[in-house]
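Engineer: This is the structure I want to talk about, given as structure tokens.
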């Protein structure tokens, strides 16, 4: 059918895309005018497809349709109007014009909750069922005949966002497509809306969202969640307007210890606790609010409302005192040598061993059914008094660490809703940068802004290092066993796997990674890396060494491998999450704490990773993430006296500067993975089909943004022309396109500056006399797309023969048949030595060449075959130190020698 889509937002965009995939012809997209220079997603998508787009600021004047608007609409010849989400008033001349009329999506089960704030009122009224309706438009307000309805359960703590993201958005898109399909098949019903149960409520605005405290707790809870996030339920307290978010009902009946917050009109004062703000209804029942927005717009954890409020010991209720005495009896049974267990009794000083810890934990868990208690809790609260305080906090659901408030950027993309933190991550909290400084991170697929990201300053680096140092020296990270540390890393890997599709989607958005590749490599290998190093945690061990005895006495000498302390990890933009994982997994497995500086142009998966560390239970301060510039954040990390190790992946030029800074500051330990110009030698006796396939992968894998990419191919003369012919044939089959499309082979380059460098690189190659066989230009479409490129006749003196492109540019040079030593000399005539490769069926030749190639990795009859268990790192100016494998652990450990005499 010929369809006019009238609406806006990501929902409108998705409906538009799905209708086109169904084979319908969208003849026009009608959306709202650009706001602050930013076009609506529906309009952007339609313009990209060449569909006419109209952005009328109004459709009628003085109650009459504008003739010009009607004429432009009628010229399209639409057979059906589809209104997925439309905030404008559309004249009946337009509504009734098509052969099949118009259908509208409404996010409630009509006739209930007619009006623009239907989702809000579904929650405010405490409806147990929610859903959406698709109806035939008429001249009433949401009164047209019903075509289709779908319902879902409304969860007790659902908010507008959670209900929309879980059901109304994804299922609503499917519902609109289904409705159009029914119309096309002539099977669409027209069911009059019943009058019984019909309601209409007005638009929820800030001025109408004030909380009425004279009602039960459940009604207050429904009011808060029904206005979360927009417009926000508010009250006046402490001489300012406070807006409440993230409400849950508290059914425990126990009022946690906290500080009173007087609220005018409330039945009782609120109580600020470590879990959040306890509020009371007029029925004396409670609800808990996790987040508060202050009058100046700043969002804070409700538990932090009274900054500087001292933490005091909990006063136990009668029931809790009974529990405490039962636990005292458990301690007494485990510690028979202790006459009487007092608050000051120390579990371990009283003779308990690790096996007793297990017994204590299991007995207490059985005593307190449903309690989550772990071995490390005993080590962190080893006296009876501290243990009871910890136990009661857990029983009350009052987490001592507190919960992190995350201001997400939410996006509906790749058939899912992704939630991305965008602030700095310091000491277990997402916070704004000093001075609230931010910058834009760009989607390379179309050049659009994804979101604003906090831009770290020097003071932020100092705060992050201080948090990491405190976590290392005083926190529980250094006190838990190596095996428990491994368990936390395994849990983190599991969470990364649970979020694998979301992480891959973020990599595609932020870095231009092809989604299908990101699932397997960018994210898949990241998960494997954390699992691999989690297994190493309890296998890091020293040795005993026989030395000359100090006769007549004897000696025992042993070594211990210890973490170095606070580490700075500076990662590149080509594999944002994988490069983070390669270094951070080994760093954490060794017992260090870390400050991570992601590449400024690709910060988002690092911030999502930070969120997952919290969910995994990694203690606060162990992992910190600072998006920002290398010249500021990276430099401060290199200079900081409390940072003991820098792990860096990037250019040789910057690596040299970091090495110098580390030496001058405090002689930091350094590992560097730097530039490359990896040679790939293809002999005439190779399997040519495999050589072509792997040669393509060696250059074009991940758009050529690959540190070990084959920077130069040496092809034996007798097969050179056939090799080039086959490569060009394969290049022309590659699909360049949106990285989220499942059939895309080649996505956009990472950022605009890099695209421009690739253009200059190819222009210089042509200027110096190399033959440009194909490619060499930007793809004529929005975004930072560059054509897969092939150069031949490349001589050793040329710029492109010596310098890395870091892009999809294949550099091919000939070498004379049988001249193995000369081609080896040419391959090694570079200051780089990251990787290399050889293709031959001759095992003797393969062994000889692999011996002679001066590179940290040599691939024989394969390429790009890295593995988490195999050490990875370069020679010469490609750096030193290893990622992956057991060798990587040594980069984050120091060896201590201990000698006894007896």
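For all residues, glycine too, the Cβ spot is worked out from N, Cα and C.
From Swiss-Prot, for reference:
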- 38: N6-succinyllysine (MOD_RES)
- 88, 89, 90, 142: (6R)-10-formyltetrahydrofolate binding site (BINDING)
- 106: active site, proton donor (ACT_SITE)
- 142: site 'Essential for catalytic activity' (SITE)
- 318-395: domain 'Carrier' (DOMAIN)
- 354: O-(pantetheine 4'-phosphoryl)serine (MOD_RES)
- 417-902: region 'Aldehyde dehydrogenase domain' (REGION)
- 571-573, 597-600, 630-635, 650-651, 673-674, 757, 804-806: NADP(+) binding site (BINDING)
- 660: N6-succinyllysine (MOD_RES)
- 673: active site, proton acceptor (ACT_SITE)
- 707: active site, proton donor (ACT_SITE)
- 767: N6-succinyllysine (MOD_RES)
- 882: N6-acetyllysine (MOD_RES)
Engineer: Just to verify: the residue among 90, 571 with the fewest other Cβ atoms within 10 Å, which of the binding-site residues is it?
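Structural biologist: Comparing Cβ neighbour counts within 10 Å for the binding-site residues 90, 571 gives 90.
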Engineer: Using the CB centroid of 88, 89, 90, 142 as the (6R)-10-formyltetrahydrofolate site centre, which other residues of the same chain sit with their CB within 8 A?
Structural biologist: 83, 86, 87
Engineer: Near residue 673 (NADP(+) binding site), which residues of its own chain have a C-beta under 8 A away, given they sit six or more steps off in sequence?
Structural biologist: 648, 649, 650, 707, 834, 872, 873, 874, 878, 879, 881, 883
Engineer: With every protein chain in view, what's the tally of Cβ atoms within 10 Å of the Cβ of residue 89 ((6R)-10-formyltetrahydrofolate binding site), excluding that atom itself?
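Structural biologist: For residue 89 ((6R)-10-formyltetrahydrofolate binding site), the 10 Å Cβ neighbour count is 8.
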Engineer: Listed recorded positions are 600, 632, 635, 660, 767; which of them have CA atoms within 10 A of the CA of residue 90 ((6R)-10-formyltetrahydrofolate binding site)?
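Structural biologist: So far as Cα distances go, none of the recorded positions lies within 10 Å of residue 90 ((6R)-10-formyltetrahydrofolate binding site).
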Engineer: What is the interatomic distance between the Cα atoms of residue 571 (NADP(+) binding site) and residue 767 (N6-succinyllysine), given in whole Å?
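Structural biologist: Cα-Cα, rounded: 34 Å.
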Engineer: For residue 707 (active site, proton donor), list the number of other Cβ atoms lying within 10 Å of its Cβ atom.
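Structural biologist: Its Cβ has 23 other Cβ atoms within 10 Å.
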Engineer: Which residues does residue 600 (NADP(+) binding site) neighbour through Cβ under 8 Å, counting only same-chain ones at least six apart?
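Structural biologist: Within the chain, residue 600 (NADP(+) binding site) has Cβ neighbours under 8 Å at 439, 627, 628, 629, 630.
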Engineer: How many other Cβ atoms sit within 10 Å of the Cβ of residue 804 (NADP(+) binding site)?
Structural biologist: 23
Engineer: Taking 88, 89, 90, 142 as the record's (6R)-10-formyltetrahydrofolate-binding set, what's the max Cα pairwise distance in Å, rounded to a whole number?
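Structural biologist: Per the listed residues, the maximum Cα distance equals 14 Å.
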Engineer: Would you kindly give the Cα-Cα distance separating residue 660 (N6-succinyllysine) and residue 635 (NADP(+) binding site), rounded to the nearest Å?
Structural biologist: 11
Engineer: Using Cα coordinates, what distance in whole Å links residue 882 (N6-acetyllysine) and residue 106 (active site, proton donor)?
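Structural biologist: Cα to Cα, residue 882 (N6-acetyllysine) and residue 106 (active site, proton donor) are separated by 57 Å.
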Engineer: Sequence order is fine: just name those recorded positions in 106, 632, 804 with a Cα within 10 angstroms of residue 142 ((6R)-10-formyltetrahydrofolate binding site).
Structural biologist: 106
Engineer: Residue 597 (NADP(+) binding site) to residue 88 ((6R)-10-formyltetrahydrofolate binding site): how many Å between their Cα atoms?
Structural biologist: 45
Engineer: Which one is it, among the recorded positions 106, 632, 660, 767, 804, that lies nearest to residue 89 ((6R)-10-formyltetrahydrofolate binding site) by Cα separation?
Structural biologist: 106
Engineer: Out of 88, 106, 632, 804, which of these recorded positions is nearest residue 660 (N6-succinyllysine) by C-alpha distance?
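Structural biologist: Nearest in space to residue 660 (N6-succinyllysine), counting only the recorded positions, is 632.
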Engineer: From the recorded positions 106, 632, 767, 804, pick the residue whose C-alpha lies nearest to the C-alpha of residue 88 ((6R)-10-formyltetrahydrofolate binding site).
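Structural biologist: The smallest Cα gap between residue 88 ((6R)-10-formyltetrahydrofolate binding site) and any of the recorded positions is with 106.
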